[in-house]
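Database features, via TrEMBL:
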REGION    16-35  region 'Disordered'
TRANSMEM  139-159  transmembrane segment
TRANSMEM  180-210  transmembrane segment
TRANSMEM  216-241  transmembrane segment
TRANSMEM  253-271  transmembrane segment
TRANSMEM  313-335  transmembrane segment
TRANSMEM  347-365  transmembrane segment
TRANSMEM  377-397  transmembrane segment
TRANSMEM  418-440  transmembrane segment
Amino acid sequence: MAPPSARLRYNANKSDIGSFVPKKHSKKPEKLPKKDLKNANGITALPVTIDSKVSIVPSIDTAFKTFISARLCSAIWAYISDCDETFNYWEPLHYIINGHGLQTWEYSPEFALRSYTYLLLQGVPGWIYQKLFDPSPILIFYMIRCILGFGCAVMERFMYKAISQEFGIHIGRLWLIFQLFSVGMFVSSTALLPSSFSMYFGCAALAAWWQMKYSLAIFFVAISSLLGWPFGGLIGVPIAVDMLLRKRLWKTFLIWGTISALTIGVPMVLIDSNYYGKFVVAPLNLVIYNVFTSHGPNIFGTEPWTYYVINGFLNFNIVWLFSLVTPIVLVLDHFVVPAKFKSTLNFPRYLSLAPLYVWLLVFFPQPHKEERFLFPIYPLISLCGAITVDVFQRLFYRLKSIFKSKLTSGSHYLDHSMFIAISVMLVSTLLGLSRVFSLYRNYHAPMDIVMELNQFAYSQEYQDDRIYNICIGKDWYRYPGSFFLPSNNFRLRFLKSEFRGMLPVYYSNEENGTKVVHPYFNDINQEDERTYFNYNNCDFLIYFDEGKYTALEPNYAKYSKEWTILKSLPFLIQEKSHKLFRAFYIPFFTDTYTSYGNFNLLKRKRQK
């Protein structure tokens, strides 16, 4: 059973967060109505006063609207930061909707690491839109992104309510601000990636758990790990510990585990097996490859442990640093602050916050590191950062009460420490906006460049009865996807460059193209010469001029007899730019300490 102080605060939270209407504050503290003073067991609690400052919190509906606004901004302005998102998800989805797209080795029936069921969940609205209205592919792209953003906002609404009830409305308020201006959420919320999908449902599972909706929590964890990313199941480990070891809810766990497996796992296996033409359990194949093969994902690159530390700061700035020290400050809080100020509703904090630190303990030691691997815990970073700020405020109030005995009797710690929260929110918001603006300014050019081909499709030169070859060399990983091309008669082609790894190829034109095994694919990232295209047959060429040239990577823009520059946009040259000023936009300084090259779209002067 929850401590009395926690239960009283829960009742206060329900009253305050349900339908808050700003009022003129009275000097006297506000008393809870008697009807709100009963706990879940019907026991009447003692009256409690709620400070007016605690009551100033956005309602759930207001928070939901702000989340939707922020995620729609992400859908429109966020760039695709990971080539895996393009080639492993947007390209197969383009194949499902429009009948052609690039295929990676993970989708070869020989390996079958990826689930088509996940793609269908995202792609059905786009497929319906395409069949009904036959829009430009770029409109389908942004429609799907907006749907992803809305789905993320629904998860955040659910989580906001649960956080405010379990941890307090002040922590909920801080979490709301940190989420809205988090660069990590700006990037991940509308990314077509299983790790983003796992974030939606994994954090929804935590929200259900904090509200003791165990059956819903199990179901959401199953969706996260089966339809999304199998490693997302880590978030459910503390939930399982609570159910099986603390609450002994074995029956509920087994029943809902079985229901989840039958309603989610079985349809997924049937759908994927139909697409691959053989029996496939894609999540299991992915785990086997990443954990039990001799080479695993390490052949695609390794990073030191500092990679996640730096990446976390770029995505959450000071909030990330606060989240790392949350366990320490909670221990300090335990010994310094009186117990009546710090109880939670249903769970001890070592358990309710465990998913974040279990995740970090598992992923930090892994040699192969990628930004998207931390997506599922992004909302938890904001939560732990908010808790740390709240503890700082309570510690400040405690110290002030010790050294300054003339504090008003019955005063609330927020009356004396809100300047700490406001300062953190302002700094975090400014750094977040600076980073978002820097990302758009530095890296959005490839999406705008490829989109320019839509203008060519309306010109008099365009012929709808021929194939246009869009060639790309060393910058292949910056290609945003076939949804940015005007129509089905535009094809991406790869030119040989200094890159020595495996490249995707187009799905077979056969009726069951997903079942065809290409000879180009392997699971050791080995180059295949057959994936390269003849330079002389290129109609357009995408090329980033960063001032470094080789025989395989010449300055194509200088070949003025062959090419004309259709469009050119600035793109950051990282090696020539200061790390701080390229990471954050700082007026009057960033332009001085950063360097840009031209990201070009070239058009052959004589079409072949």
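Including glycine, each Cβ sits where the backbone N, Cα and C put it.
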Selection from 139-159, 313-335, 347-365, 377-397, the stretch that has most Cβ pairs under 8 A to the transmembrane segment (180-210): 139-159
Cβ-Cβ under 8 Å with the transmembrane segment (347-365): same-chain residues at least 6 beyond its ends: 166-167, 202, 206, 210, 234-235, 237-238, 241-242, 246, 305, 308, 323, 326-327, 330, 373-374, 376-377, 380-381, 383-384, 387
Interface-richest range of 139-159, 216-241, 253-271, 313-335, 418-440 toward the transmembrane segment (377-397), CB pairs under 8 Å: 313-335
Residues from the same chain, set at least six apart from the ends of the transmembrane segment (216-241), whose C-beta lies under 8 A from its own: 115, 117-118, 121, 194-195, 197-198, 200-206, 208-209, 252-253, 256-257, 259-261, 264-265, 268, 283-284, 286-287, 351-352, 354-355, 358-359, 362, 373, 376-377
Most Cβ pairs under 8 Å with the transmembrane segment (313-335), selected from 139-159, 253-271, 418-440: 418-440
